[in-house]
Amino acid sequence: MSFAEYSEIIQEGDVVIIFLGHESMMPIKVQSGAQTQTRYGAIRHSSDLIGQRFGSKVTCSKGGWVYVLHPTPELWTVNLPHRTQILYTTDIANITLMLELKPGSVVCESGTGSGSLSHSIIRTIAPTGHLHTVEFHAQRAEKAMQEFKEHKVSHLVTVRNQDVCKDGFGITGIADAVFLDIPSPWEAITHAKSAMKRKGGRLCSFSPCIEQVQRTCEALLDHGFEEICTLEVLLRVHDVRAINLPLPDFGPEEGSADSSQMASDVSQEVAPNTGNTSVICRTATPPREMAGHTGYLTFATKPQCE
Amino acid sequence: MAESVNDSDAESRISFGDYVVLKRGDVFKSVQVENKKKVIFEKQWFFLDNAVGQLFGTRFEIEAGGSLKLKAAKHSGDSLDSKEAGQDNRHILDDGKSQKLTRDDIETLKEQGLKGQEIVQQLIDNSTTFKDKTEFAQEKYIKKKKKKYESDITILKPSTRLLAMMYHGREPGKICHLRYDTLAQILTLGNIHAGSKILVFETCAGLVLGSVMERMGGFGSVIQMYPGGGPTRAGMESFGFPSHFHETLHEFPLCKVNALLAGTLDLSEKDADGNGRSESSQETSGVSEERSSEPQSMEVSVDPQEEMRRVERERLREQKAQEKKVKMEEKRKKLASAAALLEGRNADGLVIASRFHPCPVLMGLLKFIAPSRPFVVYCQYREPLIECYTKLREQGGAISLRLTDSWLRHYQVLPNRTHPVLLMSGGGGYLLSGTTVAADAAKTRNQHKSEEPVAKRLKLDEISSA
């Protein structure tokens with residue numbers, strides 16, 4: 001197992017994701033002899049996990065069962081221990097595409113935060129790329145490093161514990177892309193520019209507030225960045241379900257079909273069980289509440305140097 | 001760390017045969033650089049020859065005669081602004097007479113070979129209302145005129161970003177209206193990365209295939225499942241991948257999936273196919289086929305010259321048959337290698353984005369995917385995906401099913417004029433994504449863990465505010 005490479009069989013030391021049911025998961029580290037409690041009972045790592053295939057069903061001690069999944073950056077994003085606010089998959093997907101990340105890309109990121117985006121970047125740029133991530137909070141930097149090791153991707157990433165606005169990314173002239181998720185990104189634009197390759201590259205800054213965006217765009221323009229573009233993406237998750245629509249009763253109609261006849265004109269299925277006629281239809285409804293704002297994504301291109 | 005990457009190497013310079021993306025403003029066009037080839041882009045024509053040897057990302061002006069000229073470094077002549085500006089528009093009347101230059105005058109200026117920037121300056125100088133306009137209105141005016149008369153083009157290296165934006169802007173019908181942010185979701189939700197084995201079924205001109213290949217970077221394998229006579233790859237070609245990427249690309253016809261699943265796929269069918277040729281292979285190969293039937297038509301008169309020509313034709317036909325045989329053999333080999341990859345039923349991911357009903361495609365292809373792997377299905381419409389969702393729930397073998405769409409909004413960010421862009425895209429299509437799991441006896445399904453959300457550890461809504 002690695003976050004950048006699939007494997008078939010669960011081994012000691014792997015991180016696996018236990019799928020407990022609808023939107024309910026937990027990550028665990030596999031260690032022989034260890035046990036993990038779930039609400040369906042205990043999972044014994046030696047017998048239930050090690051040597052099993054990823055994706056198989058595991059029966060817990062109380063007779064309930066769960067699925068064990070191979071970790072991916074996307075599963076990690078919804079399961080990781082939060083040390084900060086994190087970026088979610090929808091934004092990450094757009095950042096990855098708009099920064100043109102691919103195997104071999106050299107990427108700078110700051111701050112590392114909880115490592116949600118970092119895992120995704122590492123997955124995309126492996127096996128030949130490298131991530132240089134900067135986190136000014138010593139404990140977070142330490143924790144991230146430890147996670148990368150556990151997830152078997154530490155060879156693809158360098159974590160630096162420094163202030164990106166003051167000290168930059170610790171590299172010059174080698175980055176294809178830079179990502180900023182810090183409170184004052186405009187203070188890091190100079191460093192971003194010098195970290196990037198001579199032939200140019202892409203930059204992205206994530207900010208929750210429009211004032212931050214404003215200042216960042218001004219700084220980008222001042223530093224000669226081009227193709228400056230700010231956008232926002234939201235995800236709507238649709239709830240698929242069967243709904244029941246009762247049919248109104250207009251009373252008997254002179255010499256014509258009754259209302260249940262009409263029901264079958266309206267739609268495909270008629271609920272047979274109830275006395276009242278109603279129609280069942282499958283539909284997808286948006287959730288009652290959804291994330292309405294995560295942050296603005298500002299992208300720009302650093303042109304080649306003359 | 002030894003991290004000095006020499007980035008001014010050959011790959012960042014434009015050469016003949018390269019696929020490039022032309023950019024003017026927000027408009028893109030993908031072309032291949034060829035010697036003395038006339039390119040038409042945004043109502044202008046030109047030749048790309050002078051771009052050869054320049055770095056990707058270089059900006060050019062079009063000169064008379066269609067040749068490209070390096071654009072001088074900018075920032076030097078960008079001072080079009082006049083210093084005067086009005087406060088508001090209370091005295092500005094729309095009498096249609098504010099511009100003193102006539103259309104003919106402007107045409108003449110253009111014919112004189114005046115530069116775009118100079119024309120814009122002329123327009124400003126001859127506008128009676130310009131100096132009364134507010135500073136913002138002046139800027140807007142200049143921007144609008146620049147867009148029309150300054151026709152720089154930039155030549156860029158193709159990427160998923162550029163090609164997805166290009167297709168969405170120019171030919172959305174060809175890619176089933178797949179918007180670029182939705183494509184971004186596909187690639188991420190599908191966990192597309194180097195070293196995996198990915199199944200792709202698409203009718204998006206090869207754009208989705210190309211984007212998957214870009215993310216795999218030439219490591220691993222991609223199996224393109226195709227409908228009809230052959231795979232569509234124009235979009236993929238536009239990426240201009242190095243040749244070793246193509247070695248990782250395999251293809252398999254959808255019409256042989258059932259045979260493969262049933263174990264009745266006949267891979268020794270080279271002759272069976274070859275004998276019944278013309279007709280049967282017309283469907284399968286399509287392209288190289290057209291002309292082989294024509295010589296039979298006129299063979300009535302027999303004079304010596306005609307005879308000679310006949311022999312010649314015979315020889316050609318034989319040669320063609322030989323070539324065809326080689327081609328068939330190649331095709332058979334390719335089919336066999338794709339079949340071998342599929343047979344393990346251990347692919348690492350599945351991406352579907354087509355104009356076909358997604359339900360049968362998904363049900364058929366999911367069988368080739370290993371457990372604990374993601375799959376993503378794109379559809380322009382929501383209803384077919386509801387059907388897929390329902391079917392998967394019944395059948396099992398997949399968890400974490402999510403039906404989603406995304407919403408994309410662009411912003412204009414300018415001092416004191418920041419707001420969402422007026423026009424936004426109405427819809428970028430829908431996605432159904434999920435993860436495969438080991439199929440089971442179907443009985444235990446839907447027992448204790450049905451669809452009700454569990455309160456515990458529900459950390460979805462942590463986005464609240466910062």
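Here the Cβ of each residue, glycine as well, is placed from N, Cα and C on the backbone.
Per TrEMBL, the feature S-adenosyl-L-methionine binding site maps to A:S114, A:G115, A:S116, A:L117, A:E135, A:D181. With a cut-off of 8 Å between CB atoms and residues at least 6 apart in sequence, the same chain places A:L87, A:E109, A:S110, A:G111, A:G113, A:L117, A:S205, A:F206, A:G295 near A:D181 (S-adenosyl-L-methionine binding site), listed in sequence order.
The region 'Disordered' annotation in TrEMBL covers A:251-273.
Residues annotated as compositional bias 'Polar residues' in TrEMBL: A:257-273.
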Cβ density check for A:S114 (S-adenosyl-L-methionine binding site), other Cβ within 10 Å (all protein chains) comes to 22
The number of other Cβ atoms within 10 Å of the Cβ of A:G115 (S-adenosyl-L-methionine binding site), counted over all protein chains shown, is 30
Greatest Cα separation in angstrom, residues A:S114, A:G115, A:S116, A:L117, A:E135, A:D181 binding S-adenosyl-L-methionine per the record, works out to 13
A:S116 (S-adenosyl-L-methionine binding site) falls, by DSSP collapsed to helix, strand or coil, into helix
Row A:L117 (S-adenosyl-L-methionine binding site), column other C-beta within 10 angstroms, all chains, value 28
